[in-house]
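Here is what Swiss-Prot records for this protein:
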- 1-105: region 'Disordered' (REGION)
- 23-44: compositional bias 'Basic and acidic residues' (COMPBIAS)
- Ser103: phosphoserine (MOD_RES)
- Cys137: active site, nucleophile (ACT_SITE)
- His319: active site, proton acceptor (ACT_SITE)
- 388-428: region 'Ubiquitin-binding domain (UBD)' (REGION)
- 401-469: region 'Disordered' (REGION)
- Asp414: site 'Ubiquitin-binding' (SITE)
- 415-448: compositional bias 'Low complexity' (COMPBIAS)
- Leu417, Ala418: site 'Ubiquitin-binding' (SITE)
- Leu421: site 'Ubiquitin-binding' (SITE)
- Ser441: phosphoserine (MOD_RES)
- 453-469: compositional bias 'Basic and acidic residues' (COMPBIAS)
Amino acid sequence: MEHHQPEHPAPGETRTAEAVSPENHKVLSEPKEHPQDKDAKEADGAAGEQEPVDQASLPAQGQDNFESPPPDASSSQPGPARETRPETETAGACSRLQELPQSPRARQPELDFYCVKWIPWKGEQTPIITQSANGPCPLIAIANILFLQWKVKLPPQKEVITSDELMAHLGDCLLSIKPQEKSEGLQLNFQQNVDDAMTVLPKLATGLDVNVRFTGVSDFEYTPECSVFDLLGIPLYHGWLVDPQSPEAVSAVGKLSYNQLVEKIITCKHSSDTNLVTEGLIAEQFLETTAAQLTYHGLCELTAAAKEGELSVFFRNNHFSTMTKHKGHLYLLVTDQGFLQEEQVVWESLHNVDGDSCFCDSDFHLSHSPGKGPGTGGGSGSPEKQRQVDQDYLIALSLQQQQPPPQGTSGLSDLELAQQLQQEEYQQHQAAQAAPARAPSPQGRGAASGRPAAERRQRPKQESDCVLL
């Protein structure tokens, strides 16, 4: 590599005398064995083999350390004496080498942005973050709570935000928290929790490891990930509970977490004890029948545990959602990017385990399907009509809870019975609406069940009139 020096003695002679230090002169004077007219192609090939070594160390060492590299890197030292062509080639090789390992990371941030939706929330324009199908739901769920609590604010009319910005806002909130107790021991414990939360913070953009316990809606196996929720004062809930009226399932599941229950099922299946095999089959059946990770008993307990007006995070099917309770009913924040332009779609009711729900605006008034035309009863009706719809809907829910239990349902609680009756009513309504063709939309599921129960009760009567005629 050092034989390049004799090729251009004149152009860089004075510069070489200044640039080459005594220690470098020793290196340059060693290769006397090279012929003066060495093949340039072999020299360029050797330079191509040596340059990647130099460039690989550039990001770590920087160009300041370039004057004192190991002997294998000294071949690039005479570069300034050979005019500018070798520097250009070196810079090009450096850029190419840096792009190769960094290209996946370089493309990631370009796609790692999320649209901001502005909604009227308690009299103030408030941003919420929407997500695509593969968005980081833990980060978005927590960030939306901070936005709805006005602990984090964005510039007006901001339309796009990156996950790095969200994590920066979240990190600022964590660092701004101060311990309530001033004892030295509690302060050390608090600082340790903050350190754990800051370590876990990057995982929010990819997903959290959460292990539920089937004993309560707020029972999770404690992991460092849970410290983020604890420090921010955000409740974390789930609704995957065992029905206490199934003693076999209660005995099989016990107080185990999900991971422990899966291990138990595998162990029991390979056991020679028939009782253990049976217990394993019962536990497996519980997981299969509750694959939605939400049971009616869990929904009842969740409704009772959540506080009125409280903002929390709801975990279900490996997805984290922002949840609140309004007038005794649970609602999930609609963060699907498909509803970005739907101003009347902000909340989605959570009143059964089968996914039937109705959409509401930011004031929890029922909203209609975005695809409906104004002639079909949808769209923005008069405020009086909207209030009447909301009132009918709430009356229907109250009547469902006051109805006497039918035969065969005496073992159900009042709230569970109300959920069951409401589910039957929704199914009847969907059957009545099956005749007219409707354009498919991502909100069709909620729109079919979004009509008030008062309207749905009138439809069978209208159909019976037609039959009589």
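Glycine is treated like the rest: Cβ placed from N, Cα and C.
In the structure shown, across all protein chains, Cys137 is the one of the active-site residues Cys137, His319 with the greatest number of other Cβ atoms within 10 Å. A straight line from the CA of His319 (active site, proton acceptor) to the CA of Cys137 (active site, nucleophile) spans 6 Å.
Secondary structure at Cys137 (active site, nucleophile), taken from DSSP and collapsed to helix, strand or coil, is helix.
Over the region 'Ubiquitin-binding domain (UBD)' (388-428) the predicted model carries a mean pLDDT of 59. DSSP assigns His319 (active site, proton acceptor) to a strand in the three-state reduction.
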